[in-house]
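Chemist: Quick paste from Swiss-Prot:
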- 31-51: transmembrane segment (TRANSMEM)
- 64-84: transmembrane segment (TRANSMEM)
- 125-145: transmembrane segment (TRANSMEM)
- 167-187: transmembrane segment (TRANSMEM)
- 195-215: transmembrane segment (TRANSMEM)
- 257-277: transmembrane segment (TRANSMEM)
- 290-310: transmembrane segment (TRANSMEM)
Amino acid sequence: MIIKNMDASTNVPYLWLPIFLYDEPILASQVIASIELILYSICLYIVVVSLKIFVQVRMFHLNFIILVAPFFGIWFELIIGKLITMCYQLSIFSIGNLEIRKFYVLWTDDSNKMLVVNSFEGLELLIIAGFMEYHYMFSVVFGAVAVAIERLAASVLIDNYESTNKIFIPIALTVFFQIIAITCSCLALFHKFTIITINGTWIVSCACSSIVFFLVERINLRWKAEMEHPRREKVYTISQRFQVKENIRALDLGKRLIFSELGTISIIGLIIATLLLELVPPSLVHIAENALFLNPFGICTVAMYSIPAWKKRYKNAFPSIFCFLMRLKNRKIDVQSMEPLEEFSKRIYEETNIHFAQLNESWT
């Protein structure tokens, strides 16, 4: 939605927030919010479990862990922004006499389709929520580029990368790309970016990270083939062999995350494009929004299933209905089998007493 400030003295005439409000009955909003909160709670559990497994079951170099861990943890920033927006939708937060529970398109040049206000007073939390969502999206997109560069560095420094931390690499990449993410978030928030610019930024970033991933993977696969060749001419150290295998595993994980991310962005972009062309009803935006907010269902699951050790612990963290029914069935079997066991024990006890009674009589 775009907020237009009618105050002529302001230096910020427009704000562009990546959020949606809906012109719905309050009861419908409450029902939808309740369903969303249940789903977000499940996502919260998924994120916590995935982050715990990723950190505890260490399968990669520390530098890779430092860069990838935020992919899971930064979801909390996104969901806080959504909860703030939800409070405005449910009228928990209000702006004086201004009614904002109305659907506004994501981007438009038509002032009639904007939220027109005399000042931004009372909208501070909504603005913060919009910034959080922008920052999340740019952080994830640029984070993928950072991971690709880190794996490129691991391949270039293959001789001693595994034996040393070189922690300055993930720190420098994180600081650099966070500066870019915050800058882009501010530019988008203050309506300095167009919708084409934002989409172009995401597409170019994803394309660059994908290209780097594929190139580095191809190089490492070639090295692996040389190492396994029986007539190889070059001697590879154990550290180099281990680093190549780790690079391949990390690149495979990175590709899966990028494809999951691209799939999420594609779904959101497709629905928003149809909305801008007024081909679908505004209520469909709920699907587009939650494709973003519920992304841990896809991204975390894809990541956890990429490594067998992670997959096992991840599956154990979610007891299925089948397991529950099997446990219930086993409990019933145990209860039913107790009766013959008790009768058998009683019979043995009686037979033992009779035996000792007869033995005692024979002695006397």
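Glycine too: its Cβ is placed from the backbone N, Cα and C atoms.
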Chemist: So, taking each listed stretch (31-51, 64-84, 167-187, 257-277) in turn and counting its Cβ pairs to the transmembrane segment (125-145) that are under 8 angstroms, which one gives the highest count?
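Modeler: It is 64-84 that shares the most Cβ pairs under 8 Å with the transmembrane segment (125-145).
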Chemist: What residues elsewhere in the chain lie close to the transmembrane segment (31-51), defined as a C-beta under 8 angstroms and at least 6 residues from its ends?
Modeler: 24, 69, 72-73, 75-76, 79, 82, 86, 89-90, 286, 290, 293-294, 296-297, 300-301, 303-304, 314, 317-318
Chemist: Restricting to the same chain and to residues at least six past its boundaries, which positions have a Cβ under 8 Å from a Cβ of the transmembrane segment (167-187)?
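Modeler: For the transmembrane segment (167-187), the far contacts come to 62-64, 66-67, 70, 131, 134-135, 138-139, 142-143, 145-146, 149-150, 153, 193, 201.
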